Amino acid sequence: MAHHKSAKKRIRQTERRTEVNRARVSRIRTYVKKVELAIAGGDSAAAQAALQEAQPELMKGAQAGILHKNTASRKVSRLVARVKEMKSLA
């Protein structure tokens with residue numbers, strides 16, 4: 001257990017940041033899941049709309065330091081490719 005005032009403060013800050021980051025990660029996963037469900041369902045319009053919502057969330061996560069920027073870009077790229085492939089098959 002921390003005894004110094006500054007160490008106690010750091011613990012409080014870490015707990016707050018952990019909560020915020022956990023919420024952000026959950027939000028990102030939810031948006032990505034919506035895209036994947038739309039792709040699995042075969043609904044290209046819904047997949048495109050979900051992708052338009054998921055892309056900014058992923059990039060905001062990268063900007064906030066939750067995801068590495070390359071990871072966010074890779075996820076966006078793969079989702080875009082899957083939606084594009086789905087459109088071409090339909």
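All positions are counted from 1 along the displayed chain.
Every residue, even glycine, has its Cβ placed from backbone N, Cα and C.
Nonlocal intrachain contacts for the compositional bias 'Basic residues' (1-11), taken as residues 6+ away from its ends with a CB within less than 8 angstroms of a stretch CB, are lacking entirely. According to Swiss-Prot, the feature compositional bias 'Basic residues' maps to 1-11.
When Cβ-Cβ distances below 8 Å are used as the criterion, the compositional bias 'Basic and acidic residues' (12-22) is approached by residues 64, 66 of the same chain, each at least six residues removed from its ends. The compositional bias 'Basic and acidic residues' annotation in Swiss-Prot covers 12-22.
If you look up Swiss-Prot, you'll see 1-22 marked as region 'Disordered'.
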